[in-house]
Amino acid sequence: MNVVQGNIESKNAKVAIVVSRFNSFVVDSLLDGAVDTLKRFGQVADENITVVKVPGAVELPLAARRVAASGKFDGIIALGAVIRGGTPHFDFVAGECNKGLAQVALEFDIPVSFGVLTTDTIEQAIERSGTKAGNKGGEAALGLLEMVNVLQALEEQL
């Protein structure tokens, strides 16, 4: 049996992190977690990490698409925080963001790690950005590192 799986270390990986500025009090912690994970666990060098800041979660897919189209990166991490309010706006923003990022991954054959929090409350967002529920930015970075390696292994085997 042949099993293809990735590891986490990706010293030569070039990673773009596309970050929403909206809800920056949460998203800044997600970015810190992602960068820390890329450096400490992936051994990714500073010069191989590019951060792209956009206004909000709706803009993440377009920026990710432009990054992917450049062909200069091995993977993309999308970070943001969409917090439910009193209107259906949350559902549209969260859904379109998720759909758009998945489309980028499939269209450009590049891993796009979804680190966009979709929570009911501000407290839940804070918990997931580095307090008692961990840091989802760091988790998104781990997933990306593994997928970069999985795709490289598949390329070598197929």
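Cβ atoms are placed via backbone N, Cα and C, with glycine included.
The model shown is predicted, which means the values in this text are computed figures rather than measured ones.
Here Swiss-Prot flags His89 as active site, proton donor, drawing on sequence analysis. Cβ neighbour count for His89 (active site, proton donor) (all protein chains, 10 Å cutoff from its Cβ): 11.
The feature 5-amino-6-(D-ribitylamino)uracil binding site is assigned by Swiss-Prot to Phe22, Ala57, Val58, Glu59, Ala81, Val82, Ile83, Phe114, with sequence analysis given as support. Sequence-distant contacts of Phe114 (5-amino-6-(D-ribitylamino)uracil binding site), defined by Cβ-Cβ distance under 8 angstroms and a gap of at least six in the same chain, are Ala78, Asn98, Leu101, Ala140. The secondary structure of Phe114 (5-amino-6-(D-ribitylamino)uracil binding site), as reduced to three states from DSSP, is extended strand.
There are 24 other Cβ atoms within 10 Å of the Cβ belonging to Arg128 ((2S)-2-hydroxy-3-oxobutyl phosphate binding site). DSSP gives Arg128 ((2S)-2-hydroxy-3-oxobutyl phosphate binding site) a coil state; it is part of no helix or strand. Feature annotation from Swiss-Prot assigns (2S)-2-hydroxy-3-oxobutyl phosphate binding site to Gly86, Thr87, Arg128.
Cα separation, Ile83 (5-amino-6-(D-ribitylamino)uracil binding site) to Arg128 ((2S)-2-hydroxy-3-oxobutyl phosphate binding site), rounded: 12 Å. Over all protein chains present, the Cβ of Ala57 (5-amino-6-(D-ribitylamino)uracil binding site) has 26 other Cβ atoms lying within 10 Å.
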